[in-house]
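Below is one structure; the comments refer to it alone.
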Amino acid sequence: MERLLYVLVLTLVALKEALGGDVCVSGHDSGPVFEEQPSSLIYPEGLSEGKVILSCQARANPTASYRWLVNGTEVPLGLDPRYTVVVGNLVINSPDSGKDTGSYQCLALNRCGTIVSRAANLKFGYLHDFSTDSRSPQTAYEGVGAFLACQPPPHYPALSYRWLINEFPNFLKQDDGRWFVSQVTGNLYVAKAEPNDTGNYFCFTTINMDVSTKSTFSKANLLTVITDGNSRKSAPTIKVRFPAETYALTGHTAQLECFAYGNPVPKLRWRKVDGLMPSKAGSSAEGPTLTLQELTFDDEGVYECEAYNSEGSDRYQGRITVQAQPEWLQVMSDSEVEISSELHWSCVAAGKPRPSIRWLRNAQPLSTQDRMEVSGARLKISNLALEDSGMYQCVAENKHGTIYSTSELRVQVQAPDFRLNPVRKLIPAARGGQVIIECRPRAAPKPSLFWSRGTELLTNSSRVTVTPDGILRLHNISRADEGKYTCFAENYLGKANSTGHLSVRDATKVTLAPSNADINQGENVTLQCHASHDPTMDLTFTWAINGVLLDLERSTGPYHRVEGKENIGDLFIVNAQLSQAGIYTCTAQTVVDSASASAKLVVRGPPGPPGGLLVKNVAATSVELRWSRGYDNHSPIGKYMIMGQSPLSSEWKKMRTEPENIEGNAESARVMGLTPWMDYEFQVIASNILGSGEPSMPSHTIRTQQAAPTVAPSGLGGGGGDRHELIITWTPMVREYQNGDGFGYVLAFQKKGIALWTTVRIPHVESTRYVYYNDSLMPYSPFEVKIKAYNRRGEGPFSQIAVVHSAEEEPTVGPPSTNATALTAFEIQVSWEPVQQLSANGILRGYEIRYWRQHEREAAADRVRTAGLETAARVSGLRPSTRYHVAVLAYNSAGTGPPSPRTTVTTRKPPPNRSPGNVSWKTEGSWVKLRWDHVKAMHNESAVLGYKVLYKHEGQTTLKVLDKTKTSVSLPLPKVNGYVVLEIRSWGEGGDGLAHEIIVSQDSGTGMMVQNEASSTSSIQHLHLLTGLLLLTLKSSSGL
């Protein structure tokens, strides 16, 4: 023994010297653990006045010190003043791309060991200016696609691209789908050039770094679009193609670019060839850039971009391969292991490609040698020695990243010590029961353990068991077993013992056990449980269902304890559900023993969900379902119901089946009436006399077989278009009626009266129109048209025949004669002879009146259109005393025909530019009498034929007719506190003159006059604001 102690002392002294006289103290010290590690950084090149800070913080006792490595070499702290460490963080002043670019790692160390951080890459970002050389002008033809190359300058990291047109900040918008800016090359693409696209274009690039952003733009790219009045339509051609193989990481975002030329502008849509398109694609599945965020391995596969328009389509495919950075599945944990024993550690990491594993101790690589065996993810150390203590790291890495797992190993050497884990001082036990007394001292190496009762050494017998790990078991305890029990522990470093006292108590017994019960779902039940126990101890009751302890403290749950005497522990179950059925166990227990009794509770209810749902024999309109019976929940299954769901509805619906009523003993049925080429999921629901149960798990999604279309497209019509065109339109078939892929339309048309059908196949489900062009096509010719759908399985029925007319052309004749009459100084009446419909080259929509002053050209004429086939109309807003030329033209949807013979008309003189003067009024009782002076017309004004009075009071209106020679009127006043609003104006052939406005109040007997100096036209407009005013026309008795 003395010899072993001497060897141990020498070992400790040697270890202390090896660690510089500082030994890690067990139970007090701890090795470093990273709380913050450095992160990769992109710093702007040339920003010499700044600094880079790489973070590193570790928790340790004693406090950790730090060192740094760059590209595996020690950072020259103290030798180069640009490098300093501040509380673990590395600070690089005046960073230099030539000196400081590299991979940095932090080492944290104390007397317990050393750990190394993940690598952080310091790189320098830059964006040079574009070349100053002028760029060659580019030419494009109207209706044809084109692109402008960005040719970005040298840069790091990747750029984002936008384009300017003509001047900053007029950035090009990509809303209409005609333009596209590739974020891979920076090039600008236009699907179909238009004349107004001519201009100077500038490629605008931006680089984003961790501490700054920089932008620059190119020299002008002049694009000239050559007009082509006969630009031809063209099928799409994909010009921007994503790579045939794209690698992306889980949790990251993948973007695929696709863009096509074509006329009309092609639309784009994406699909996953070998599966369903991930919902995360969202609206990007119908745009030039497919975006898949938060990638998972389920997103891996072949993706197809399709560009399509009315002229055709183009497709391109490529694969996304999803890989992953390393991720820990299993790591080791801190371990305290006794000397001379064996250590087994393992760590497991997932990743794609599969990560490789290596091991570090105190930041130094480990390999198999002597007592150490390194085998991939496993580390084994035999015959552990004190020098094996330290900080260990498991490192998993693949080409996408490196991860570290850190644990501390402490090799222990210690004489037996009970201070932390003594034997229990008082050990109660029940008479007739058993007791277990543990003995767990701290010791290394493992000590020898034995027990004594008083002075008697205990050995194994029928009532006494002493295990090798120091556990003492006493069986069938009696009062005679009371007393002191001592555990002794010994190793080559020393010995120790600990004593406890065994106290024997009366046993606990269940005196009233719970009884089996059978109830329906929703009912209440009480399970009884009474017990006896040692009166010196507290008794508690617990309940468990199928071995799972119940929480009886929740007042809102179904389980409640029945309050009563201490020896009663009844359980009350409220509103029992199927899930509450099972074996209930009541346990009465004290601190020394327990007694239990069980009963079975049966809850009858609706059946459970059927299982094993399979879809077999998939046809176009039917499938066969098979399932296995679920639990009947103690009530026989009466029938089954099958529910289905498709993309047409988000709700589950009852399906038509054969047989119609599915008996309770059935385990299969056929679902009928399905839509061909449609995705379906199915569920099966069982029911009994107590109700319907939960549905089964949904079946896997199936797609019914394809079939020929069974209905024809709707909304057949058309018309309009350019000369010599027949335009036919229809409503595209929705997915529900397509019945298969390879879908399209068969369109048939013939000129009415000529039994010769022309048929055209249109292979695009989204198509809504077809344009037939023929130079010999007469305007507004009637055609009979019909349409049907087709897919890979055949053709459907034709629709009802509709009549569609070819494009109209402008009418060929104008009205034979036209007449114009002046109504006022500002308005004329125009009438004309109608045009016959046969001369209209289509449906005559109405007439257009053109009028212009005598000294003006006809090209500058103002125009008014009628909305129907009337042969007369008024034209207002004219100038007084002015001669106008007037012509009338017939029009249809194609335009206007030739003008009628022109006529002339002169508007009347204007009304006097003065309101009635010297207005006076007098109130007499409930009437007011007004007088005014006669308005005399000037030689260039129209004669006054009478006067108009407008008035309103208390919501009532009155009309008064006066002789032209009269310049007065009597009007009734309103009730008390009311008022009258009046306007007086002259009128004649030239229209209405200016007005006086008067407000008269009865209570004051006075009035207020407002002079309106505006023109007669303005006065008329003003009068429209007086809601409810009536017009009083004062004219002479001679019939003027």
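Along the chain as shown, the residues are counted starting at 1.
Cβ atoms are placed via backbone N, Cα and C, with glycine included.
The domain 'Ig-like' annotation in TrEMBL covers 32-123 (among others).
Taken from TrEMBL, the feature domain 'Ig-like' covers 128-218 (among others).
Annotation comment: TrEMBL describes 236-321 (among others) as domain 'Ig-like'. Counting residue by residue with DSSP, the domain 'Ig-like' (236-321) contains 11 helix, 48 strand, 27 coil.
Annotation comment: TrEMBL describes 326-410 (among others) as domain 'Ig-like'.
Looking only at the domain 'Ig-like' (416-503), the predicted model's pLDDT averages out at 91. According to TrEMBL, the domain 'Ig-like' annotation covers 416-503 (among others).
Residue counts for the domain 'Ig-like' (508-602) under DSSP, helix first, then strand, then coil, are 3 helix, 46 strand, 46 coil. The feature domain 'Ig-like' is assigned by TrEMBL to 508-602 (among others).
DSSP places the residues of the domain 'Fibronectin type-III' (609-707) in helix, strand and coil in these numbers: 0 helix, 50 strand, 49 coil. What TrEMBL records for 609-707 (among others) is domain 'Fibronectin type-III'.
The domain 'Fibronectin type-III' annotation in TrEMBL covers 712-809 (among others).
Look at TrEMBL and you will find 812-910 (among others) tagged as domain 'Fibronectin type-III'.
Within the region 'Disordered' (893-920), the DSSP-based counts of helix, strand and coil residues read 0 helix, 10 strand, 18 coil. What TrEMBL lists as region 'Disordered' is 893-920.
The feature signal peptide is assigned by TrEMBL to 1-20.
Between the domain 'Ig-like' (32-123) and the stretches 236-321, 326-410, 416-503, 609-707, 712-809, Cβ pairs under 8 Å are most numerous for 326-410. In the domain 'Ig-like' (326-410), the DSSP tally of helix, strand and coil residues is 3 helix, 54 strand, 28 coil. Taking pairs at least six residues apart, the domain 'Ig-like' (236-321) and the domain 'Fibronectin type-III' (609-707) share fewer than three Cβ pairs below 8 Å and do not count as touching. The DSSP breakdown of the domain 'Fibronectin type-III' (712-809) into helical (H, G, I), extended (E, B) and coil residues amounts to 3 helix, 46 strand, 49 coil.
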